[in-house]
Amino acid sequence: METGPTGGALGGDDLSPSSPAAVISRWTFEVSRRYQHLLDKTVPHVLNRWIGCLAVVLIYAVRVYFVQGFYIVTYGLGIYLLNLLMGFLSPQVDPEMEDGPSLPVSGSDEFRPFVRRLPEFKFWYSITKAFCIAFVMTFFSVFDVPVFWPILLFYWIMLFILTMRKQILHMIKYKYVPFSFGKQVFPNPSSFSIRQQEGISNGKHKPSQGLSSSGASGKV
């Protein structure tokens, strides 16, 4: 008879705000929120972000060079980076599917900026995180699989060439460039017509002044 309330009390203690599970949940939520806040603050600093990413890449390269190992980790990292690069260079909507707005193919079409399948910020974030994870993996010998690295390098170069060739042919076929420098600015027709009318009125006004002055001189 007395065991029921005791068990209910224990269950209530597990869900109380002071329980270890609730404390850990609040702590992880706070850390995640602050981490996301820091990431959001880095969004406009494109150059600084990529400089930091380059520093991480150099640190990893120096680590692999001095260790002389973990080539299979580097090969997997290269395959992952190639996949990210294809997402960065590809449009969000594949023109072959034509489920969304198609890319402009002529000068008369409406200008639409290139929308990537993988945005620049996610591209940077994925590369930086991948190099950080690979750097941590170099401290565990279980990932140091003996392999003849020139074969892996040759295979990755061939895979890169074939993948980029396919991507370039896709770009040529659908006439798009994976870099957008902002929306094109065209002259406002209303302002142009106003300036044209002002020019015509000014041109008519000057001869009238000349005629009036010559007439006045003739009268004198």
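Cβ atoms are placed via backbone N, Cα and C, with glycine included.
TrEMBL annotations:
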TRANSMEM  46-66  transmembrane segment
TRANSMEM  72-89  transmembrane segment
TRANSMEM  123-141  transmembrane segment
TRANSMEM  147-164  transmembrane segment
REGION    199-220  region 'Disordered'
COMPBIAS  209-220  compositional bias 'Polar residues'
Same-chain residue ranges lying at least 6 outside the transmembrane segment (123-141) that approach it to Cβ under 8 Å: 39, 49-50, 52-53, 56-57, 59-60, 63-64, 67, 69-70, 73-74, 76-77, 80-81, 84, 87-88, 116
Residue numbers, six or more beyond the limits of the transmembrane segment (46-66), whose CB comes under 8 Å of its CB atoms: 74, 120, 124, 127-128, 131-132, 134-135, 138
